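Comments concern the structure below.
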Amino acid sequence: MQINGITPQALTAYGIHDVRDIVYNPSYELLFEEERSPTLQGYERGIETQLGAVAVDTGIFTGRSPKDKYIVRDDVTRDTVWWSDQGKGKNDNHPLSQETWTHLKQLVTTQLSGKRLFIIDAFCGANPDSRLSVRFVTEVAWQAHFVKNMFIRPSDEELEGFEPDFIVMNGAKCTNPNWQEQGLNSENFVAFNLTERIQLIGGTWYGGEMKKGMFSIMNYLLPLKGIASMHCSANVGEKGDVAVFFGLSGTGKTTLSTDPKRQLIGDDEHGWDDDGVFNFEGGCYAKTIKLSKEAEPDIYGAIKRDALLENVTVLADGTVDFNDGSKTENTRVSYPIYHIQNIVKPVSKAGHATKVIFLTADAFGVLPPVSRLTSDQTQYHFLSGFTAKLAGTERGVTEPTPTFSACFGAAFLMLHPTQYAEVLVKRMKAAGAQAYLVNTGWNGSGKRISIKDTRGIIDAILNGSIDDAEMQTLPVFDLAIPTSLPGVNPDILDPRDTYASVEQWQEKADDLAQRFITNFDKYTDAPAGAALVKAGPKR
């Protein structure tokens, strides 16, 4: 049997033997039948919900497993990858020997041999000259469905000459019994070989490992070509003006980039090259915990046939209880991007960005709701990737927990963070783009900055009115802040005004400044990082 040039014999080149059958780039209709088959058991089997989407469980792994991420250290990667065992920074790029890689590959190929396999050929990246052609191999129907949702679906013509640049072999059912003597973290593994151009997955069923795996690879390849690779959402206005939104979980990235006046380019992963900003993906991977039709109608409306729900609670009658986080707070849904109405068509790309927005949810109550950044401050705050959450303590007191994640996506960076900052600023300068730091968190009132005020701030950035505003400088962080903005409560623009006394703010500001300084020290082992210290806060 031959399908599009793929035969069971051809898979022997990957080390997969005696394949019973190949289901190549199956239709959504076929996947719908396959993943609900009564012959399936355990995590393989999905159930149909009243919304029309199929729901699956991913087992004990309801999120990525960063401690089980490995990269083969060889001549290709030795001097380029930002390794976990080198320099001052802690990251998830754990080195793997060629010998251990060979063993892990044998485990996965043995698991996939003799099976009926699903093969999905897809693109990562909307621009033909920089996209990755990726071949996914799995024995699980819903994992093929996830890939079909999340990556860019080739046309029939594009499939005819499809040659994979990268191969992902998902052996979720196999684990590594020799992990201890090999010095690994556990029996589970997500391993990359940049020379062989293969990703191996073992022990974890979580679909996001395939999505973020290829994002990590793009994060390795593109900056080395001078193309910015970004963990951000992006949209475009009626006049073709593009904005990108960086931010960690809970900062409002998805909410604020979803705007009825603007078309969505994408919600999570983008590149920026000589032509402009482009999406890496062909779908969205949205959180669904406490999802409601009223609060997020776009996402709720996207959950229908062909969408794939993960780790949600499905009642006996097929209804989904989105408020139930008993399996995980990280309940998700993947769906093709065309399930959202207001998107850029037919290709998820637009021109150069003129507005770059860093979102932070500062629970310390120090940072202003908005500030305009200099070029050096842009790099500094991009490298810092700060946000903070309020976490309850045993005594019932809520204390902020700071998070610093380089480039607002440290888990997915393969190169030193300063390389991403340099490429981003180079692209911004060429496009005449301006960066802003927007705090969607708290201030001295103890209340979170209202979504109304935050949307007013975003509107002022996008329509340019913030650039006409009178500015003053906030001490300690040396940030330029507006004294007034249309549609925004003027009493909140200077965070000092939200405290009973300036001294109260000053005390908190000194504390937060020291946290920034301590965190940034890890970048000073690179000359580019050391040069940026002056752009940070002063104590």
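For all residues, glycine too, the Cβ spot is worked out from N, Cα and C.
Keep in mind that this is a model prediction, so the values were computed, not measured.
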In Swiss-Prot, Lys212, Asp268 are given as binding Mn(2+), so which of His145, His231 is in that site too?
His231
Given that Swiss-Prot lists Tyr206, Lys212, Arg332 as binding substrate, which residue among Arg64, Arg73, Arg78, Arg455 does it place in the same site?
Arg64
Just to be sure I understand: of Arg64, Tyr206, Lys212, Asp268, Arg332, which binding-site residues have a C-alpha no more than 10 angstroms from the C-alpha of Lys253 (ATP binding site)?
Asp268
Assigned conformation of Arg332 (substrate binding site) - DSSP reduced to three states:
strand
Distance, His231 (Mn(2+) binding site) to Lys212 (substrate binding site) (CA atoms, angstrom):
10
Provide, as an integer number of angstrom, the distance between the C-alpha atoms of Arg64 (substrate binding site) and Ile449 (ATP binding site).
31
Around the C-beta of Thr255 (ATP binding site), how many further C-beta atoms are within 10 angstroms, looking at every protein chain?
18
Can you count the other CB atoms that lie within 10 A of the CB of Gly247 (ATP binding site)?
25
Rounded Cα separation (Å) that holds between Asp268 (Mn(2+) binding site) and Gly247 (ATP binding site):
10
Any idea what the Cα distance is from Ser249 (ATP binding site) over to Arg332 (substrate binding site), rounded to a whole Å?
13
